[in-house]
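Reading through the structure tokens given below for one structure.
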Amino acid sequence: MKKNLLSMLLLSTISLTVTAHSDPRVVNTQAFPVESHTLSTYQLAFSSEIQKAEYLSRFHTAILEVADNYLVLSLTQDEFVELHGAGALIFLKPGDHNQPEVKAQGNRSVTSRIQSAEQESGIPNFSCYPTLAETQQLAKTLAQTYPDFVELKHIGPSWEKSQGLGGHDLTVLVLKNKKRNKWRKRPALYMQGALHAREYTPGATTLKFAQYLLENRETDADVNWILNQREIHILLIANPDGRVLAEQGQLWRKNTNTAYCALDDTLRGVDLNRNFDFAWASPIGGSTDDQCAATFHGPSAASEPETQAIQAYLHDLFKDRRGDLLTDPAPLNTQGVFLDLHSFSRFVMWPWSSELTPSPNADQLSMMGHRMAAYNGYWAFQTQEIFKAGGSADGYAYGQLGVASFTFELGNKFFESCANFEGEIFPNNLNALIYAAKVAKRPYKLPAGPQFFDLRLKGAGKEAVPAGTPVEIIATVADDLFGPSLTGQIPPSQAISKVELTIKKKGKRARKRILLPAADGAYDTVSESISYALDTHRWRQGRYTLTLRAQDASGQWGPKYAKFLTIDNDAIPGAQSPVADFIADCRKGICGFDGSATQDDRDSLTYTWVLQGGQFFRVFHGEQVEIEYTLAGDYQLTLQVDDSHGNRDVKVVQLELDGVTPPVVQFSYQCTGLTCEFNSSASYDPDGEIVERLWRMGNEPYISGTETVMHTFPAPGEYIVVFVAIDNDGQFSQVAQTIQVTSNE
């Protein structure tokens, strides 16, 4: 993966991996929850991204949060016992030891919230997420405000509406230049959000993406091109009945169909992402006949009105380009892209999820998936490598129609903070969504070509400038720009061979094409810099569109990237570059950064913040951002400021931040024959106290213990002993030693 500091997120986790499964011989057992019908909150450690993904797949309906090296889950006693017995490092979340979480309405419970008296709109305590009613009203407002670009469609009823119980319509926003494409059907990007109701960020992302396209169509050349050359179909909230319950703080996943789970109304409904009519109820697993389970797939394929409405809409929108056999690929000239937005986990995935073998378009889907993941830094992989289930929405779109289909898992929580959504999740995924729209004409071909990133017009930017103003096209073009691969299987790349610039003046048919040179004089590597000076002395007044595309050594062209350049001889050129500066307000575990201290001769500035330290790496956007972190230590903050003339300044500072500190662990031991005494009294917690000590003797499960424990091994030999200390903040550290025990004889 090529790491772009300003647009990509790289996460890695490194810790000890120890073989699981056990001998029953232990000194004592880890304390279990007392009541089996309650839910308790646990921390489950993972030692790699693959193990993390496997846990997310297996317990995805129970997960509350993803941290750097552990998951927070709400589990029953049986689920805990199963994990513990398999050798997992799992323990009660500190503070929750004696407070079992009683099951509440919804698939899992969540602490009730009290809405701030000052909040006037949005989901209570999450003002950045419009409610369902607000989303529907905003959609109507967009259609009224932009009648030449927006069409509002009601594609079918929710379950409650189909039963005459109130309910809601499934609402699709269609964005395109209606006048220009009155009689022409363009390649389509379809996306949907909140198929699982409790996932706040996807529903807000769909609406915010529509707003961004409409509001920037006159200033952003890429957006202008997309609305002229594509159709964007956005199902804003795919599970509206369930969304209403989720807005009340319930972790509601399914729809609200009362025909199922008569024993417990709080667990009613069907998992819509297991109900689609492709590989429904697949023997591969991932769904169930249990009506009260979170992954209940319904009594039959497409039994739910929400599923039926989506399937019918997809069949009307996309041509069926794939044969009936699982091994039949979609042709490489297939048009259209399907995106299903979910949360959470920071993944980009593609079919199959219902088969153990790769899909017949696996190479092409992998290429596009890794390309999109380059923008958000998410882990990219074919779904079945980790998640296995039939009846999924993306599986249906690809399996039935051959459409290039992907699922995004956004962020780290179901109820993601507004600071994270507005500062990081939406802006870092925006370019991935724009990329999907660009390649929708040939999603199985165009992603194999090079990408541009960090493209800007230095000296002009988005501002009008007089003729003769020095304008420099600056960019990096790369054929190896991929997001991180969960399995390590990165798509192939080739050297850049050609970069083409097309210049067209608004209102004129003529185009000028220029082959741009590489900044170093030769195209001979997979990544090249572009620095090309435009001579604008003889340019006439008006708006010009500058379009770039690149070709690699295989002959494959990538998608187009465009900028507007306006020549106005009455305009004032921007002479001064910004001077980046900021004010920091940091408390334990959280920093607020304010870029308003930046100096510039104009007010239109964009801010990109990168905070990194150890395994922590986050990219945020905006004049004011709030970044949460966990560990105390040394961090590096990079602030990049761009003004509206394409000028840039970067400020890098080192910060010593206050946070939590994991325990310092060590242990000694002394053995007599097969019996050993282990002493961890030298371990300590620098900023609190150790509240639990766990030991693992060889392949046995972890056991609770005190500073000193005795253990008798079953036979002479070599064993790995692991000691884990957990502090009052939920931080943990572990250390392992290999010991040799012998018989007394």
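Residue numbering: from 1, along the chain as shown.
Keep in mind that glycine also has a Cβ here, set from the backbone N, Cα and C atoms.
Straight from TrEMBL, the features:
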type	residues	note
DOMAIN	128-439	domain 'Peptidase M14'
ACT_SITE	Glu409	active site, proton donor/acceptor
DOMAIN	673-745	domain 'PKD'
Mean predicted confidence [pLDDT] for the domain 'Peptidase M14' (128-439): 96
Neighbour tally for Glu409 (active site, proton donor/acceptor), based on other Cβ positions within 10 Å of its Cβ: 25
Three-state composition of the domain 'PKD' (673-745), taking helix and strand from DSSP: 0 helix, 43 strand, 30 coil
DSSP state at Glu409 (active site, proton donor/acceptor), helix/strand/coil: strand
